[in-house]
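*Asks:* Structure provided below as structure tokens; questions to follow.
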Amino acid sequence: MIVTILLWIFRICIAGTGILMVADIAKHKENLGNTSGAQVGKSIFIGFITNFGDTLGIGSFGPIVALFKLLKVDISDKEIPGTLNVSCAIPVLVEALIFTSAVEVEPITLVALLFAAALGSYIGAGIISKMDEMKIQIVMGVCLFVAAIIMLVTHPALGLFEAGGTAKGLTGIKLIIGIVVNFILGALMTAGVGLYAPCMALIFLLGMDVKAAFPIMMGSCAVLMPTCSVKFIKEQTYNKLVSILIAIGGVVGVFIAYKFFSSVDVNKLKFVIIAVILYTAYTMFSKGMKTKKARAMQ
């Protein structure tokens, strides 16, 4: 019953966000910016590639920004934050819908962790925004690296230690830990720290089936992004054409990536997840150290 309600919320948000985007384009069709074939092709390609990766837990915001620069997409820097949120809202909602339907997670655990992240992003925004971003990046980078090493040495292929598990839900102290940590991760999202990699590490370390991380992390973002998207659309601080094209390409990327996900062996998937977490740890730590070095030179 709980999961059914959640799935209908995702469906309503997909329809509502789509209608809002199309209506806004129709209302401002004379203000779509660059409508060349190259711009259209680049945007769809970016949506496909980045949301394919997002479905596997890599995240999409960073890769989208990188591809904007690499492919020289005609978009102003001022429009990028809004475009990221609006363009990825529907693909992330589709991810949440697919994985919540396909991957079994105990309903209480799923809902508790989802809304812990949502509450964390709402309540924690003011607190996190006052914290030193450099310190957050360095600490999170180190923590993710440690988590990835633990996941690696406990991988069945190595047989060094036994960890992880097949649990579909959490109870007792583990559920409390999961709620608290996902609350913190939701708050850290407001500081630009991605939720995917640390959420995957959390699920593994609490002994759950690693695949359970996908509906939890995607659902956590899915309950946040539609609200952000509405705000950016109302304020007209996003690129309308680029956003809807990324969304279209993104949905296709999500479905194709899910086909890969559903057919891959869970132990092979763990190696993919470890690689994603190590990559995230490296990028966060390096950003923090660059900021620290820049401050020292001032």
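Each Cβ is built from the backbone N, Cα and C atoms, and glycine gets one as well.
Annotations in TrEMBL come from automatic prediction, not curation.
Copied straight from TrEMBL:
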- 6-23: transmembrane segment (TRANSMEM)
- 44-68: transmembrane segment (TRANSMEM)
- 80-103: transmembrane segment (TRANSMEM)
- 110-128: transmembrane segment (TRANSMEM)
- 134-154: transmembrane segment (TRANSMEM)
- 175-206: transmembrane segment (TRANSMEM)
- 212-230: transmembrane segment (TRANSMEM)
- 242-261: transmembrane segment (TRANSMEM)
- 267-285: transmembrane segment (TRANSMEM)
*Asks:* Considering only Cβ pairs under 8 Å, which range in 80-103, 175-206, 212-230, 242-261, 267-285 makes the most contacts with the transmembrane segment (134-154)?
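*Replies:* Looking at each of 80-103, 175-206, 212-230, 242-261, 267-285 in turn, the most contacts to the transmembrane segment (134-154) are made by 267-285.
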*Asks:* In the same chain, who gets a Cβ under 8 Å from the transmembrane segment (267-285) while lying at least 6 residues past its ends?
*Replies:* 56-59, 62, 137-138, 140-145, 147-148, 151-152, 155-157, 164, 193-194, 196-197, 200-201, 204, 210-211, 213, 261
*Asks:* Return the stretch with the most CB pairs under 8 A relative to the transmembrane segment (175-206), choosing among 80-103, 212-230, 242-261.
*Replies:* 212-230
*Asks:* Among the recorded stretches 44-68, 80-103, 212-230, 242-261, which has the greatest number of Cβ pairs closer than 8 Å to the transmembrane segment (6-23)?
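*Replies:* Most contacts with the transmembrane segment (6-23): 80-103.
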*Asks:* Which residues of the chain, 6 or more past the ends of the transmembrane segment (44-68), have a CB below 8 A from one of its CBs?
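*Replies:* Distant contacts of the transmembrane segment (44-68): 75, 80, 84, 87-88, 91-92, 95, 194, 196-197, 200, 213-214, 217, 245-254, 256-258, 260-261, 272-273, 276, 279-280, 283.
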